[in-house]
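Report on the following structure.
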Amino acid sequence: MSAYQNEIKAVAALKEKNGSSWSAINPEYAARMRIQNRFKTGLDIAKYTAAIMRKDMAEYDADSSVYTQSLGCWHGFIGQQKLISIKKHLKTTNKRYLYLSGWMVAALRSDFGPLPDQSMHEKTAVSGLIEELYTFLRQADARELDLLFTGLDAARAAGDKAKEAELLAQIDNFETHVVPIIADIDAGFGNAEATYLLAKKMIEAGACCIQIENQVSDEKQCGHQDGKVTVPHIDFLAKINAVRYAFLELGVDDGVIVARTDSLGAGLTKQIAVTNEPGDLGDLYNSFLDCEEISESELGNGDVVIKREGKLLRPKRLASNLFQFRKGTGEDRCVLDCITSLQNGADLLWIETEKPHVGQIKAMVDRIREVIPNAKLVYNNSPSFNWTLNFRQQVFDAFVAEGKDVSAYDRNKLMSVEYDDTELAKVADEKIRTFQRDGSAHAGIFHHLITLPTYHTAALSTDNLAKGYFADEGMLAYVKGVQRQELRQGIACVKHQNMAGSDIGDNHKEYFAGEAALKASGKDNTMNQFH
């Protein structure tokens, strides 16, 4: 007996147990509603998706070609449409995740309006967006199953046993739109207790994976901006522990923690690390400080000094009371950060880089893997990179190293459209196309994400529509550029009433009121023009 039929049988038994007062209840309708609402709580989702992510991590360890991917989504509808599209084109959601970007929460979801990525937005906007994303994905499940149920009723009415069997199999083997989410908690929005409290909210909303960074919470900057300030390892590890305790308290034992290091581009620290003996973690952190050796007689009022190897060292302190690291130490600090995080509870790493360069990432990962052989990265394929210019310059430099003639190119102007059809541009585009595959094969990247692609796609599509609609094209701009494309490409949203749940509501009306139901999907519904 199929899972669907088992649900019907279970509800039928309940109906019989409750006698005549349940005479209006149709067991098959109730079974359908149960199947459409597979995940009852966010914790159900977090546990289910954590198991998926752990399985994917193990599969990547065995075969680096099976990496995972995601796109950042700033609204539940965007996440829903992404997963509907993935199922339509690729037939499965396997290895495809959601990403929640703190940058987009700040820019698009705050009651204060657009904000920079500096943790100034309401922290509950983060957990709120996670809940919203999964609400929309659960609705996508309900909608797709509703279409299957409607088809099943039609097959039965037509006496088509083969079609009925086919649809029953599709119902039993239905793949949910619910997938893992990697959710950005920034630097934790405060101390370790604040981190724990927000992590709980995020997990309760459905997050199986939380990404946390080693910046100072109240000095936090976007990873691609200047002025980043890191914290000593002991402070960061306390927040990793806080997230782990939140997972364990809520029973999400497989919860995943991504430890992000911003040290490559961070030249400052807010404080000198506590150290108890030479070579301990605090001492290693302090060893990267930009210091000058002084004598006791040179000590000034309020000076901060450290003693290393019998020498008095005065760290360079800025007017902001921040301390400066030595230039050129970023990669060494990143490697230390990553090894330390993995040895103290993190599952995955995130190294924020200033450019997309497989060789640069690989060099750091190779050093990390000397200590932790299965170290894996989540990597930000960031829109903050000029991908075209970066890769054209990489190819230009490779051509020079190979002794090729590059006299036809100006390295500083390679973004120009005049180079689009050149050999250099074609080689660069191919390297962009294979960047994720190459990064996973050679640089330990388990998960590739784009942080804020849907921010840019929303702006681009709106610009294209406005450009024509408010000018000479008028309504043709919408019809030609949007609706006609939706119809021809099979975009489900062209039937927007159905996408918003109108047909589900109509079926519920029939469940609840029988033949007396007043439905919205009759012959006068304009959505019938799109069949």
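Even glycines carry a Cβ here, placed using N, Cα and C.
Per Swiss-Prot, the features are as follows:
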ACT_SITE  C222  active site, proton acceptor
BINDING   S101, G102, W103, G223, H224, N380, N381, S382, P383, S384, T451  substrate binding site
BINDING   D184  Mg(2+) binding site
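On the structure: features taken from Swiss-Prot.
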residue : record                 : Cβ within 10 Å
S101    : substrate binding site : 27
W103    : substrate binding site : 24
D184    : Mg(2+) binding site    : 25
N381    : substrate binding site : 19
P383    : substrate binding site : 16
T451    : substrate binding site : 25
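Each residue contributes its Cα atom, and for D184 (Mg(2+) binding site) and W103 (substrate binding site) those atoms are 9 Å apart. In the three-state DSSP reading, D184 (Mg(2+) binding site) counts as strand. In three-state terms derived from DSSP, W103 (substrate binding site) belongs to a helical segment.
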